[in-house]
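Okay, so here's the structure we're looking at.
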Ligand SMILES: [Mn+2]
């Protein structure tokens, strides 16, 4: 059986169980439609419902839907193709997925409701329903949380077909990262680097999965920096780029940090890279991601000690809470159909959740590691003055050293990992290696 055939069989089985547990006969998954801006008739780029693209790699067909009857092992795809002279028709190439579904082309949503008739009333509806006629449809339930939790819990285990797509997304993103790195060393501005990134893979901005972080110098300490200066700084010191790509709806999310010249920042990048690779070797089925996050804090603490930012050993630096000021975000997150893929807080498929950790409130993956999980590992260290304020009277912190790092911002290294039963796959480093880039 081909990889997609296996995938859709898995999706059918997962829906069978989820529908059964939650007492639904069927489900209707609406792909969504663009929502126009306030007082305007323009809409931001359309983004498909992730549970729609879970079934079929169709990402640019708003007003489409998938109907699946429990136990049928074959969904119906209502593919919307507008018959109007305003829009270019999206051509759907002939592909394998079409052999595994009943495909019905519609140009009006009434064709869907007529086709389904009274079955719709037994269906769970999953999707956005802000517009008519979708908002008027008589369904059994709209976005029932228990059903969604069930699906989200099991979605964390990726099929081979999903991993293939994630691998390809990483190849695209790595290629773009190499172009961005070259633009940085050529002295380009943040905006020029951003354009070099997109140009390398023929992407328009709406095709990357999130706003790329393209940060020179101190900007890299702003965790979601995405405003882009149009002129390069007078003195170029450092470059942090956190940017991804999408392939068949699956996301890459890669971060790299570069020093413009040799020196202490270059050494810091090297130390972080080494710490990150050590963390990768700690990933094992059955281990807890939370423990890995704490292990990362201790490694960051060791770096803070080694580079003379803070007095003391790693354990005491962690215990006193200093690492949270330098490294405020989580170690990583699930990745897949969504950049921050769902289910990181779910304990089981009944919707029981892990409580967010008080000590590490921004960690969004609290589950134990399983074979088939795909997640990021992204340790970092930054000068965030707002967070250091709390420790401003601390004699442990070497403020001269903090001042030295401030104009460089910070450092982060991020890869995506597929957990295997016999060793893991690093989608990101493998992609760079294929390019001869790392
Ligand atoms: Mn990430």
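Just so it is clear, glycine is given a Cβ too, placed from its N, Cα and C backbone atoms.
Annotated Mn(2+) 2 binding site per TrEMBL: 242, 253, 414, in sequence order. For 253, 333, 378, 414, the entry in TrEMBL reads Mn(2+) 1 binding site. What TrEMBL lists as domain 'Xaa-Pro dipeptidase N-terminal' is 3-153. What TrEMBL records for 165-419 is domain 'Peptidase M24'.
Mapped onto this structure are the features recorded in TrEMBL.
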{"residue": "242", "record": "Mn(2+) 2 binding site", "DSSP class": "strand"}
{"residue": "253", "record": "Mn(2+) 2 binding site", "DSSP class": "strand"}
{"residue": "333", "record": "Mn(2+) 1 binding site", "DSSP class": "coil"}
{"residue": "378", "record": "Mn(2+) 1 binding site", "DSSP class": "coil"}
{"residue": "414", "record": "Mn(2+) 2 binding site", "DSSP class": "strand"}
Winner by Cβ contact number (other Cβ atoms within 10 Å) across the binding-site residues 253, 378: 253
Residue 333 (Mn(2+) 1 binding site) and residue 242 (Mn(2+) 2 binding site), Cα-Cα, nearest whole angstrom: 14
Between residue 253 (Mn(2+) 2 binding site) and residue 333 (Mn(2+) 1 binding site): CA-CA distance (Å): 10
Confidence summary (mean pLDDT) of the domain 'Peptidase M24' (165-419): 97
Sequence-ordered binding-site residues from 242, 253, 378 with Cβ under 6 Å of an atom of ligand 1: 253, 378
For residue 414 (Mn(2+) 2 binding site): intrachain residues, at least 6 apart, with Cβ closer than 8 Å: 242, 253, 254, 255, 256, 332, 376, 377, 378, 428
Surrounding CB atoms that lie within 10 Å of the CB of residue 242 (Mn(2+) 2 binding site), all protein chains: 25
